[in-house]
């Protein structure tokens, strides 16, 4: 598969065809020696690896499918034997009838995806991590499943600030109001799906804003990070980091799992989000091997904190062998990425097979959660 920048991603698997020459990947295990082994019908997708190290497979233009080139060779030698067959497989992001609507409304810069038909649909705002720009892949896929989904940019996109010095919740409040005023969004509240910094913004929105009904947090934490967060006359400072705790693994790859100060151990920590004010249902989805933030620890402590306040509006889905990045199913494993604060290569964590299983399990859980509460 080549991404939109022309970067190459590849996977290979070794199989023994049946006596009739047929091969059913749902019943036939891959033999050892390829990118994966065992009964893995979608393995050729989730085991794709970039030719250039540390490249992440990103979908920029969801209106065009990814093209996957499939080739079958004879034998398991290196180099492979003669080419027996080849085919092209399209991975589409928009099903027929899903509308993609660019949004320039007041200050907000976003894309709204509407499922087919004239009905009203449960509304979700999808907020990405601290990398800037606009990511539409998750929102487009949610619209395929019946959710009106707004992919929201908040910096480094069009006329939004390139390098913000603070973030304002009023901007995100505008996005909530935009969704609730839309004739095809079913009220009275909206859902939020946030990843990393987007998750921690979603939790802050649930604490301070009205009409947030359900929040799914993908590896987020209950404290403000990276930049000061302002709302009305209140400012929540970012959680301090201790750069002394950075470990250098090899050739300038960092392990930053211990650099965030623990907000639950510091009494009167000003960075904590007052999550006890949230009326929304909260779903914490965490990778147990997250090396950017200790997601499982933070989610557990957040739930203990809420419980101590007499709240019961939370649940945790925790995945072993899964790092900081949790995408929809069959996106390739992304174990090393650019650290959002230190701007150097850092371990995100996870293991290939466990990570792919977590994606497959979490995706329908997210949909079921929003279907239940929206």
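Glycine too: its Cβ is placed from the backbone N, Cα and C atoms.
Look at TrEMBL and you will find 168-374 tagged as domain 'BAAT/Acyl-CoA thioester hydrolase C-terminal'.
Marked as active site, charge relay system by TrEMBL: 196 (among others).
What TrEMBL lists as active site, charge relay system is 290 (among others). Packing around residue 290 (active site, charge relay system) is summarised by its Cβ count: 25 other Cβ atoms lie within 10 angstroms of its Cβ, all protein chains included.
Long-range Cβ contacts of residue 324 (active site, charge relay system) within its own chain (separation 6+, distance under 8 Å): 196, 219, 287, 290, 291, 292, 293, 295, 337, 348, 349, 350. Feature annotation from TrEMBL assigns active site, charge relay system to 324 (among others).
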